[in-house]
């Protein structure tokens with residue numbers, strides 16, 4: 001079958017011909033319809049330090065997808081050939097303390113689809129049936145293909161009560177932008193998102209951000225004043241991994257504020273812990289999606305009218321994958337969809 005693989009320990013990704021995956025007793029075989037390029041895929045493409053330490057070569061990559069079930073393992077219940085599915089990209093062990101307690105998103109033995117095992121940039125994918133999510137008919141393929149990153153946004157944004165709250169989001173990548181849309185949809189008062197990329201700040205405006213602030217040109221304190229804010233933000237969503245952005249967030253949080261962190265900062269990042277302590281801030285780390293509460297919430301948000309379509313800015317056939325990666329790497333894109341349909 002055709003598949004995009006990391007074949008060499010260098011920059012790039014290659015179209016290859018690999019054997020189709022084998023179906024296990026508890027697995028689904030999925031024929032891929034559409035995939036999306038993730039920031040993780042860009043790390044793998046660019047072969048940065050994280051990728052060099054993490055990705056075995058060769059490896060079929062990709063983990064954002066939608067497809068159709070074409071075969072079902074003999075022990076599987078609840079799925080049938082013809083079902084349209086997306087899937088959770090974190091394969092969990094099922095026997096650690098967190099898995100047994102129903103907190104599978106915190107499994108210490110997680111294996112990543114397209115990272116530690118063959119991924120979805122292929123004609124066919126095998127995953128455990130436990131990881132598949134059957135899609136409602138009224139959610140189109142292109143939205144289903146981005147459920148993985150949308151789930152990151154939903155998990156982060158819905159970590160805290162948002163109704164009537166003032167929210168600061170640092171980092172206007174696709175996940176940060178989708179988080180802004182979620183915050184507005186569920187009833188936040190002001191949703192302010194910061195970045196230095198004008199293209200993506202404009203996308204954030206289209207997706208409902210109250211203010212999209214280029215912090216290289218405008219002071220966040222001035223924006224807060226213009227919005228009539230006098231006490232700081234109630235909720236912070238850190239999506240950038242940029243130390244200066246996180247420090248700015250801590251400075252602008254109200255006393256008792258709550259921060260959810262999805263962005264990955266340098267391990268040596270220093271912050272003013274005095275402000276964390278004396279403001280009584282709550283900081284929560286976010287990894288992946290809650291299984292499967294986040295997935296149910298994603299479907300419900302879209303079915304209740306949340307419009308994610310502006311975040312999808314580019315479509316390519318899989319044969320033109322190189323153009324897709326170039327678009328994603330340009331900084332002038334939202335989500336990039338690769339279609340596997342003939």
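The first residue you see is number 1, and the count goes up from there.
Glycine too: its Cβ is placed from the backbone N, Cα and C atoms.
Here is what Swiss-Prot records for this protein:
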- 38, 63, 64: Zn(2+) 1 binding site (BINDING)
- 40: active site, charge relay system (ACT_SITE)
- 43: active site, charge relay system (ACT_SITE)
- 93, 96, 99, 107: Zn(2+) 2 binding site (BINDING)
- 175, 195, 200, 262, 263, 264, 286, 287: NAD(+) binding site (BINDING)
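What Swiss-Prot annotates, mapped onto the structure for a quick look.
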| residue | record | contacts (Cβ under 8 Å, 6+ apart) |
| --- | --- | --- |
| 38 | Zn(2+) 1 binding site | 62, 63, 64, 148, 149 |
| 40 | active site, charge relay system | 63, 114, 115 |
| 96 | Zn(2+) 2 binding site | 107, 108, 109 |
| 99 | Zn(2+) 2 binding site | 92, 93, 107 |
| 195 | NAD(+) binding site | 170, 171, 172, 173, 176, 201, 204, 212, 213, 214, 215, 240 |
| 264 | NAD(+) binding site | 241 |
| 286 | NAD(+) binding site | 152, 155, 156, 159, 260, 261, 262 |
| 287 | NAD(+) binding site | 105, 106 |
Determine, for the Zn(2+) 2 site, the additional residues of the same chain whose CB lies within 8 Å of the mean position of the CB atoms of 93, 96, 99, 107; present them in sequence order.
92, 94, 95, 97, 98, 100, 104, 108, 109, 110
Separation of alpha carbons, residue 43 (active site, charge relay system) and residue 175 (NAD(+) binding site) (Å):
16
Within 10 Å of each Cβ, count the other Cβ atoms and name the one among the binding-site residues 93, 175, 262 with the highest count.
175
Cα of residue 43 (active site, charge relay system) to Cα of residue 200 (NAD(+) binding site): how many Å, rounded?
19
Given the recorded positions 43, 63, which one is most crowded in terms of C-beta atoms within 10 angstroms?
63
Within 10 Å of the Cβ of residue 200 (NAD(+) binding site), how many other Cβ atoms can be counted across all chains shown?
24
Secondary structure at residue 99 (Zn(2+) 2 binding site) (DSSP, helix/strand/coil)?
helix
Rounded to whole angstrom, what's the largest C-alpha distance between any two of 175, 195, 200, 262, 263, 264, 286, 287, listed as binding NAD(+)?
23
Go through 64, 107, 263, our binding-site residues, and report the one whose Cβ sees the most other Cβ atoms within 10 Å.
64
Reduced DSSP assignment, residue 40 (active site, charge relay system):
helix
